[in-house]
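Below you'll find the structure, written out as structure tokens, and then a few comments.
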């Protein structure tokens, strides 16, 4: 096996943790957005001593986050090059792919012609058709669904079409078949939906409960990613959280589902104790799903502090030849108008026990610099986009 600078790379994406408006924020109606900064102000200071030690406070002024004189990590920020601010666009770019046309979101619900075709093909009526929290819409429409057999269709601030059905009303196989039909219909460029999600549930009105039989029908990345290159070279690519869904399983050698940020951190810490060579790639979605979209700066702030408190466990289990990269995929400022993501810079922190004198990284004009660096480290084919910063890490 070739000698790699780092035998294992641990990449953690803090979903939606932006660090200030991007230069093109106005094009996305996001002027003034600053996810981390606004949460810190709302909390009258964030308590993130471990991220501070890495150098977070040196990237931007964040209330409560100390500016250390001796950062442990190389630190900086990255600007998104792709034309979009959703999860798939951000993650695909991290691994070397650009999206020219953003995935579509449906804040007013899906077009009638799409739903009429889905009703025709499925033989079932559709109710809902609006952005909603998955649990709230069951409380609202679950009983009607049980009485009529109509499908509950809803969306979120992301590019998703979700179909909820009671397992005793619509058998799982039928629900999955309907979702496959929806996937096929929404490949049409005029819809361009990132993901279709089957959301089965059980229980009685007032006590509905979603089951683990959720199934995602994503789009395959339009081209090869750095993960495909790693896998083809016989390296491990371990997915933690929704990474496998985001890339539709492409380039992944093993996948671990998570139920929360803390479960995600448990899984990261588990992989630190395993022998492998390659990439462990984790997404911590709670920041975005539970707090960003719901415009809950208090909950978001607490989640950031909980994440920070787990980092010493990560540091302790890291080996000399491990590299930890912490970043984000877009912003979702809970103080901002609306409930959508925000077009922001994202932070990047790159830490290894072997680094002697960490310093600031040059401003990256694409998230793909991360993928390029990982490809460079493992001596695989380079992605079309991105510039490796591997040689800067000393």
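Easy rule for this one: first residue shown is 1, then count along the chain.
Glycine is treated like the rest: Cβ placed from N, Cα and C.
Remember, predicted model here, so these are calculated numbers, not experimental data.
Pulled from Swiss-Prot:
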{"type": "BINDING", "residues": "15, 329, 330", "note": "Mn(2+) 1 binding site"}
{"type": "BINDING", "residues": "288, 293, 341", "note": "Mn(2+) 2 binding site"}
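Contacts of residue 15 (Mn(2+) 1 binding site) defined by a Cβ separation under 8 A and a same-chain sequence distance of 6+ are given as 87, 283, 284, 285, 286, 287, 288, 289, 328, 329, in order along the sequence. Residue 329 (Mn(2+) 1 binding site) counts 28 other C-beta atoms within 10 Å of its own C-beta, drawing on all protein chains shown. Here residue 341 (Mn(2+) 2 binding site) comes close to 16, 85, 86, 157, 158, 288, 292, 330, 331, 332: these same-chain residues lie at least six apart in sequence, with C-beta atoms under 8 angstroms from its C-beta. Taken residue by residue with DSSP, residue 330 (Mn(2+) 1 binding site) is part of neither helix nor strand, so it is coil. Scoring each of the binding-site residues (293, 330) by how many neighbouring Cβ atoms lie within 10 Å, the top position goes to 330. Residue 288 (Mn(2+) 2 binding site) falls within a helix when secondary structure is assigned with DSSP.
Excluding the listed site residues 288, 293, 341, the same chain places 15, 16, 87, 157, 158, 289, 292, 330, 332, 339, 340 with Cβ atoms within 8 Å of the centre of the Mn(2+) 2 site Cβ atoms.
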